[in-house]
Amino acid sequence: MASKFQRKPSPGGAMGMGGGASSVSSTPSHQPRKRVKRCCRNFVTFMCTQVGVGALIVIYAICGAFAFMHIERQFVDKTAGQVMELRQNCSQQLWSITEQHNIIDRRRWTEATNEVLREYQAQIAGVVKHGYVGRSPEQIWSFPAALMFCLSVITMIGYGNMVPRTPWGKGFTVIYATFGIPLYILYFLNMGRVLARSFKFLYRSLHDCTQEHPRLDRLDALEGGVGMTRKKVIVPSTACLWVIFFYVLTGTVMFANWEKWSLLNSFYFCMTSLCKIGFGDFVPGASLTTSADVNAATQKLQEDISADPAELAQLQSVAADQHSKLAINFVYMLLGMGLVAMCRNLMREEVRLKAREMREDAKLCMEDTRLRFVGCCGNPRDPYEDDYY
């Protein structure tokens, strides 16, 4: 009888046990995937912070500089050969004119040489218009110059002193700007918000220190049981303008010392760059000593015995000191853009406050005008009616 009511093991039970085992065994396989998703989420969250965006834009600019150096140094510049040929033709024509007229007919010699020089000048202007700058692609696309080019692309300054000449370089510039400009806008907003909050805290602290016995007033309010509301302090626009002025003044002295510019030209460059005008007539990094200059000086020293070895040693020492200057120049431009964003946020807050006060004053003025108008042009029967009643 016991065997009649005994439960028989079904094949589905074994399958169920197998399914349970498979579900249990499949659980650890999902752990690495969840861990990867969590790491990716944390990485994206960090990159959206101020430190992450700043680090990302620096890495993006450095990678872009190496990419442009690799692409644009493959460009074969044919204008240098054309300029050399034009120079040789000009000198040959001048020699032929000298042999023909010599010193006997000075007027004809002068007219013929002026005609040849004018033609040579027009030809050189045409070659310069097509991109000739008198330097090789290795000298043009040095690392400092390529880094400043990337910075001008993503910040939308666009100096224009350097342009990609190869088709691959032009296409890469479009792709680089497409991803770099939104990254710079994110940096601009985040850095402006952080610097504005920090500067506002510093200004509020200095403002509290200049007040007469602020701690005693706060203690008296606490002892009396009265809640003391802290007055909202607005950073004035003059403070923002002074910060920008001292920052531009620092850059003026720095660039004038490193780039061998005058103080006026250096101040002019700082203002046009921070305002995103970017004419391109003054660009840091264009006058820096590159490895190509050192190699050219070394070759000249090997070929020419009368060359000064001290010049080569000076070039090598200057080239070794360029990396620190380059990093400071790059940080100066990025921090300057952040200060501009900070001043924008602080001034916008003050403008909003002033606009609110002006709106309230306008309402009070309109209400006062309405009351005066009603008082002057009211119903003349009102006094008599008051006497009657």
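Even glycines carry a Cβ here, placed using N, Cα and C.
Any TrEMBL annotation is an automated prediction that lacks curation.
Per TrEMBL, region 'Disordered' is recorded for 1-31.
What TrEMBL records for 43-68 (among others) is transmembrane segment.
Summarising model confidence by region, the domain 'Potassium channel' (134-196) averages a pLDDT of 88. The annotation domain 'Potassium channel' is assigned in TrEMBL to 134-196 (among others).
Per TrEMBL, transmembrane segment is recorded for 140-159 (among others).
Positions annotated as transmembrane segment by TrEMBL: 171-190 (among others). Proximity of distant same-chain residues to the transmembrane segment (171-190), defined by a Cβ-Cβ separation under 8 Å and at least 6 residues beyond the stretch ends, is recorded for 48-50, 53-54, 56-57, 60, 64, 67-68, 71, 150, 153-156, 164, 334, 337-338, 341.
Residues 199, 203, 265-267, 269-271, 274, 284, 325, 328-329, 332, 336, 339-340, 342-343, 346-347 of the same chain, all 6+ positions outside the transmembrane segment (239-258), place their C-beta atoms under 8 angstroms from a C-beta of that stretch. Residues or ranges marked as transmembrane segment by TrEMBL: 239-258 (among others).
Residues or ranges marked as domain 'Potassium channel' in TrEMBL: 243-285 (among others).
Here TrEMBL flags 326-347 (among others) as transmembrane segment. Remote same-chain residues near the transmembrane segment (326-347) are listed as 54, 57-58, 61, 143-144, 147-148, 151, 155, 184, 187-189, 191-193, 195-196, 199-200, 235, 237, 239-241, 243-244, 247, 251, 254-255, 258, 270, 273-274, 284-285, 288 (criterion: CB distance under 8 Å, separation of at least six residues from the stretch ends).
Per DSSP, the secondary structure of the domain 'Potassium channel' (134-196) breaks down as 46 helix, 0 strand, 17 coil.
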